[in-house]
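Visitor: Would you mind keeping the following structure in view while I ask a few things?
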Number of protein chains: 2
Amino acid sequence: MTPEHTASEMHPSRWGDPAAATALPEATRGLVELALGVRDTPAASAVTLPAPSIDAAILDDFRRLLGDEHVLTEDDVRRLRTRGKSTPDLLKQRIGDLSDAPDAVVRPGSHDDVQAVIELAVRHHVALVPFGGGTSVTGGLVARREGFAGVLSLDLVRMKAAREVDTVSMTAVLEPGLRGPEAEALLAEHGLMLGHYPQSFQFASIGGFAATRSSGQSSAGYGRFDSMVVGLTVATPQGTLELGSAPANAAGPDLRELVLGSEGAFGVITAVKVRVKKVPAEKVYEAWQFASFAEGSDAMRHLAQNGLLPTVLRLSDENETAINLSSQDNVGGESVGGCLMIVGHEGASIAGRRALVTEALTSLGGTPAGEERGRAWAEGRFHAPYLRDSMLDVGVLVETLETATFWSNRDRLYTAVRDALSESLGEKSLVLCHISHVYETGCSLYFTVAAPQADDPLAQWDLAKQKASQAMIDAGATITHHHAVGTDHKPWLAQEIGPVGVSILRSVKAGLDPSGVLNPGVLIP
Amino acid sequence: MTPEHTASEMHPSRWGDPAAATALPEATRGLVELALGVRDTPAASAVTLPAPSIDAAILDDFRRLLGDEHVLTEDDVRRLRTRGKSTPDLLKQRIGDLSDAPDAVVRPGSHDDVQAVIELAVRHHVALVPFGGGTSVTGGLVARREGFAGVLSLDLVRMKAAREVDTVSMTAVLEPGLRGPEAEALLAEHGLMLGHYPQSFQFASIGGFAATRSSGQSSAGYGRFDSMVVGLTVATPQGTLELGSAPANAAGPDLRELVLGSEGAFGVITAVKVRVKKVPAEKVYEAWQFASFAEGSDAMRHLAQNGLLPTVLRLSDENETAINLSSQDNVGGESVGGCLMIVGHEGASIAGRRALVTEALTSLGGTPAGEERGRAWAEGRFHAPYLRDSMLDVGVLVETLETATFWSNRDRLYTAVRDALSESLGEKSLVLCHISHVYETGCSLYFTVAAPQADDPLAQWDLAKQKASQAMIDAGATITHHHAVGTDHKPWLAQEIGPVGVSILRSVKAGLDPSGVLNPGVLIP
């Protein structure tokens, strides 16, 4: 049951499926012109890759192991494995900087293949960068080259099976190369689903979801990806690690939680046993309006703390609400004011729960704003990254970052990060925020910024990102709620977990990967 | 708000508060006589401790650090810090074997004290055994003495504050020495509770709950203790580790999950930030009858997989159902047959949820068996360990062990462990089982055995435990769902997580505690 790899490749300097890309909607373009000014950027030019910097004899060893057709050095293939999809990644591709390209791409077909690739990489001291969907936004695909005989992209594209589908335990074993829709399609054959829908869903992979602790838009109902994982198979330089003897146990530290979020630095995840759900018979998405971000998010807190969470629960702040409403042609320009909340209910029979949530939201100051806006959100839920490309095309810097904290620290964190971004990006910038993941004890905050591009937009964003990141740590929050550490977040991870925490990561790394070939430079400060 | 340490000490060779102990109920005694025969064991004799084996000069250093009154060498104090409360622990105390007694007991009063005690222990190469409630049943308090200048019990009894009670985030910071009822009393001042009720609740401590990944009788509603933890402060030989910047995040591996279950081998937990709940306004416990263990547990699975879990959910197998009903005088000897399920609902308003659960259980073959039996369970929920003492007194070997697995493996595991115990303990033994913790993907299995004591009951149990443990691992299950590894489970932990998993634990240990003074011999195979 291994499907062919049919998912489309992404454009190297843009998001997603080129056929799905759209020009900037007129309403948004008008807003952009008004607020930010427009500066058309040159179309991406054909860029030349640095020549592969690895001994041919080494590649021959990998060819003997995997077969010639699974060791690729073509420019197109290497370009598509260069960095991820953060705005800086796209900007670098646009200006022809492909200095982080891997020397070659290797495609193992099985756990044993991965194990053998790792052993060969250790022998030749070649760096390995595990590659799933290529959607990292934190520099997770940019390995350190210095000191290594070369850098190989370890593309998991051939590992796309769903195995051991267990409708009694409601679990399934998924291979790491499965992209979101591919995994859902295989599970749907059994009437099952995962329910993990990050914005990168259409391209990101099962292995990547686990390695980065991804969280999706239905996390209120189905949980973070890490909470869906009950077992893991990992190939490491020390051999195979198999974890997951029970849903939960007390057999020492939970080593699954050490692999989750390890970004390929400890080992390569070759199988993920996940908790699955029945495909819901009913789905409804509806909008609610609240007078303010504080009032709306207090209502979210009430739901989370009283066992009333719907499947989807999101709240835009005043700025994001204004932009969203003005940019969605299918909704029209009508403004509801205040803050828009999206509430989604999915399940076998949702009426009872929906009634309870409706009653609670009403009592907490919410006003129903219709299913039409809810549907519009659901239909456009994976589209924002395309919009970023269109904005970059017209000279607007667009990027996102996110954090999380406990409820009582929400306002302090919100203000600190918003102000850091606004101050750094200037008065012509827009800073939008939403809450898309809630817990009994706290919530995430997801910021989107738009600003006129400076002459050096990379430096412009780097400074803003530094200021915002430091604001998060200074506010006692996390450097990332659901986008991992990569290379970009390392200085702040070091502050977040402190020197003893960093020493633990280093001990584990030194024990599992003493020669350091696994994604060097990523995760560990 | 640090309460005095008023909780009673336990008898060294018996469970709990001597005032609460009771003789064997007549009905049970009749059963015991009939099934097992009775062999009165001699009353515990006054046993002599080995003399402290540590240099006086070393103890003087600890006295200078903590004050004379917090470094104790009296026999009574040392005896009460010797081992835990497994049946082998009690049997050893009964025969006067106190060879595992610590040389002295040190009582730090703060995180900084603990940090300083660790530094002093490293300097003098003295082993430290963190001590909370002393309720380990897996040998977690038995440190290796060889190679060390002495063994100190690090008693956390002075650290009993509840701090930073946050009714917005619904979190509180609890110190590790708080016993279950003490923590609940401090939280109750704010209308809050933890909701963690293991059978050891009355004596076990917050630090121990975290260090052993405890799970309580209300886990269906409130979760395992590890799932309640959102932050940890840990004193290690490398310095202080502070974790918990958000309810959840993607900032690398979740290091909290490495501390949880680490049993003092990586560091000493000095504060636990927990998620708290409002004290429920309503509570009801009721009994249900099912025709068989399989039918009852299928019903539990249905509840877990359909978002219908009550607060308490337990199911006894046919054997345990028969014994429980016959031994509870307040219920009378009337047998309902089949399998008894206890369902507890707690909350602000439970009628709606209770109706849904009642409807589901009825449709799945359940028959209501009354609130009286439910109340009887709730009233006797912490009493079983006292009963064990009474059984040991009359020559019956009583012990428990537990495991967990995925639902589709439930029957295989149940049969394998039951048969291993029955075969090892002989035809006069009784093997009872219940499910007390359920997940969407699986459940725990908790076994209680009773058998006539052989001439060497320690060897008798050791063999049975080995057979049952190997049966768990051979069935692909975990060696423990909620009682940690200690020294007893190490050989099977090694099989469960494999050599790569063991190497990770060793790497972390070597990095955090290179001189190995923290609970040596515990946890790490």
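Heads up, the Cβ atoms here are built off N, Cα and C, so glycines get one too.
Straight from TrEMBL, here's the annotation block:
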type     : residues                        : note
DOMAIN   : B:98-279                        : domain 'FAD-binding PCMH-type'
BINDING  : B:130-136, B:212-215, B:263-269 : FAD binding site
SITE     : B:Arg314                        : site 'Important for enzyme activity'
BINDING  : B:Arg388                        : substrate binding site
ACT_SITE : B:Tyr446                        : active site, proton donor/acceptor
Visitor: Can you figure out which of B:Gly133, B:Ser214, B:Gly267, B:Arg314 (the recorded positions) comes closest in space to B:Tyr446 (active site, proton donor/acceptor), comparing Cα atoms?
Guide: B:Arg314
Visitor: Going along the chain, which residues six or more apart from B:Pro130 (FAD binding site) have their CB under 8 A from its CB?
Guide: B:Leu154, B:Leu156, B:Pro176, B:Gly207, B:Ala211, B:Gly264, B:Val268, B:Ile269, B:Leu518, B:Asn519
Visitor: Sorry to bug you, but what's the C-alpha spacing from B:Ser136 (FAD binding site) to B:Arg388 (substrate binding site), rounded to the closest Å?
Guide: 15
Visitor: Near chain A: which of the recorded positions B:Pro130, B:Gly264, B:Arg314, B:Tyr446 have their Cβ closer than 8 Å to one of its Cβ atoms?
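Guide: Near chain A - Cβ to Cβ under 8 Å - we find none.
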Visitor: I'd like the Cβ neighbour count for B:Gly264 (FAD binding site), meaning other Cβ atoms within 10 Å of its Cβ, all protein chains included.
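Guide: I get 26 for this one.
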Visitor: Indicate whether B:Gly267 (FAD binding site) is helix, strand or coil by DSSP.
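Guide: Reduced to three states, the DSSP call for B:Gly267 (FAD binding site) is coil.
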Visitor: Tell me, how many other CB atoms lie within 10 A of the CB of B:Gly267 (FAD binding site), whichever protein chain they belong to?
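Guide: A 10 Å sphere around the Cβ of B:Gly267 (FAD binding site) contains 27 other Cβ atoms.
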Visitor: Between B:Ser214 (FAD binding site) and B:Arg314 (site 'Important for enzyme activity'), what is the CA-CA distance rounded to a whole number of Å?
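Guide: Cα to Cα, B:Ser214 (FAD binding site) and B:Arg314 (site 'Important for enzyme activity') are separated by 17 Å.
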Visitor: CA-CA, which of the binding-site residues B:Gly133, B:Ser136, B:Gly267 lies nearest B:Arg314 (site 'Important for enzyme activity')?
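Guide: In terms of Cα distance, B:Arg314 (site 'Important for enzyme activity') lies closest to B:Ser136.
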Visitor: Near B:Ser136 (FAD binding site), which residues of its chain come within a Cβ-Cβ distance under 8 Å, counting only those 6 or more away in sequence?
Guide: B:Arg83, B:Gly84, B:Lys85, B:Ser86, B:Gly208, B:Thr212, B:Ala484, B:Gly486
Visitor: Check the recorded positions B:Ser214, B:Arg314, B:Arg388 for other C-beta atoms within 10 angstroms of each C-beta and report the one with the most.
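Guide: The most densely surrounded of these recorded positions is B:Ser214.
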